[in-house]
Amino acid sequence: MTIAVGKFTKDEKDLFDSMDDWLRRDRFVFVGWSGLLLFPCAYFALGGWFTGTTFVTSWYTHGLASSYLEGCNFLTAAVSTPANSLAHSLLLLWGPEAQGDFTRWCQLGGLWAFVALHGAFALIGFMLRQFELARSVQLRPYNAIAFSGPIAVFVSVFLIYPLGQSGWFFAPSFGVAAIFRFILFFQGFHNWTLNPFHMMGVAGVLGAALLCAIHGATVENTLFEDGDGANTFRAFNPTQAEETYSMVTANRFWSQIFGVAFSNKRWLHFFMLFVPVTGLWMSALGVVGLALNLRAYDFVSQEIRAAEDPEFETFYTKNILLNEGIRAWMAAQDQPHENLIFPEEVLPRGNAL
């Protein structure tokens with residue numbers, strides 16, 4: 001028996017090889033196989049958003065004006081979610097709702113579903129792009145792993161949360177003021193700021209900002225003066241073999257400041273990766289919990305005492321009253337299809353009123 005050892009080579013290129021050569025060619029903007037997903041989806045998502053914010057009203061779904069054409073500006077324009085009556089329909093242009101009528105499709109909120117789904121696939125394509133490029137230049141894939149944090153947040157907020165509710169209607173609309181309204185909704189209906197997963201998310205994002213500021217300042221403070229100018233832009237070149245800054249000096253400085261400091265760059269930079277990504281993952285998990293209507297912390301003893309004693313209030317009980325006010329005022333305005341009417345005497349008032 002003969003065993004052939006060596007690399008198998010094909011005599012001629014097939015279609016796959018030709019596509020692989022073209023897609024992964026070294027050019028100014030790398031395309032790659034991931035680009036087949038990223039570029040079309042990003043193009044359609046952005047195009048749908050610009051189209052919706054420019055021309056499409058939300059009168060039929062939310063009773064609102066939401067386009068530049070109706071007088072909105074960049075902060076108030078939005079691509080709004082479909083009507084609550086449409087539940088979780090994919091709202092395909094050729095589906096039973098729009099029946100191929102583009103104008104009707106826009107009026108029903110079809111652009112939101114279009115932007116949300118293409119946006120999610122575009123983000124996934126961007127993560128795959130980082131995997132593909134890292135493999136091509138023989139890097140570790142930590143950039144792609146880090147980008148899973150924003151993807152988890154986007155998918156949980158825009159897709160999983162409304163899937164757990166009665167319809168896409170309860171997802172955020174794509175606009176600045178619309179996102180602010182959604183945040184108020186989250187606070188009023190889910191007490192989101194007292195949710196431990198939100199707390200971990202805030203700690204991760206703000207902690208990452210602090211770490212970035214400290215790290216950047218420390219590197220700038222400990223640059224080696226081995227060029228014609230001791231600053232980032234003049235003294236060093238991207239192909240130098242020497243270190244740019246002194247880790248030893250930085251370690252000594254922070255050891256004196258805090259009593260402890262990072263002793264090597266690997267642990268330091270892994271920590272800078274770990275803090276924000278874990279925070280984003282935790283907040284995404286929290287939103288998945290909200291999709292199932294899981295509750296935040298409840299301090300029932302304080303609520304009972306506040307109900308019995310008009311002079312007893314804590315910041316917690318005041319916030320609970322605020323949440324009740326958000327629900328009472330927001331539900332009627334935010335869900336006009338429900339025809340909710342709250343008499344003045346049932347609207348919540350603080351103990352001081």
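Easy rule for this one: first residue shown is 1, then count along the chain.
Glycine residues also receive a Cβ, built from the backbone N, Cα and C atoms like all the rest.
Note on Swiss-Prot: of 177-193, 279-295, the range annotated with the feature transmembrane segment is 279-295. Among the ranges 208-228, 250-270, 313-333, the stretch that Swiss-Prot annotates as transmembrane segment is 208-228.
The range from 27-40, 111-124, 153-166 that Swiss-Prot describes as transmembrane segment is residues 153-166.
The range from 74-90, 125-141 that Swiss-Prot describes as transmembrane segment is residues 125-141. Comparing 41-61, 125-141, 279-295 for CB pairs under 8 angstroms to the transmembrane segment (153-166), the maximum falls on 279-295. A Cβ distance under 8 Å defines the sequence-distant neighbours of the transmembrane segment (125-141), meaning residues of its chain 6+ beyond its ends; these are 24, 30, 32-35, 37-39, 41-42, 147-148, 151. Around His118 (chlorophyll a ChlzD2 binding site), the same-chain residues at least 6 positions away in sequence with a Cβ under 8 Å from its Cβ are Cys41, Ala42, Phe44, Ala45, Gly48. Here the transmembrane segment (41-61) has long-range neighbours at 67-70, 72, 77-83, 106-109, 111-112, 114-115, 118-119, 121-122, 125-126, 169, 173-175, meaning same-chain residues at least 6 beyond its ends whose C-beta is under 8 angstroms from one of its own. Sequence-distant contacts of His269 (Fe cation binding site), defined as residues of its own chain at least six apart whose C-beta falls under 8 angstroms from its C-beta, are absent. Within the group of binding-site residues (Gln130, Asn143, His198, His215, Phe262), the Cβ with the highest number of other Cβ atoms inside 10 Å belongs to His198. Looking only at Cα atoms, His215 (Fe cation binding site) sits nearest to Asn143 among the binding-site residues Gln130, Asn143, His198.
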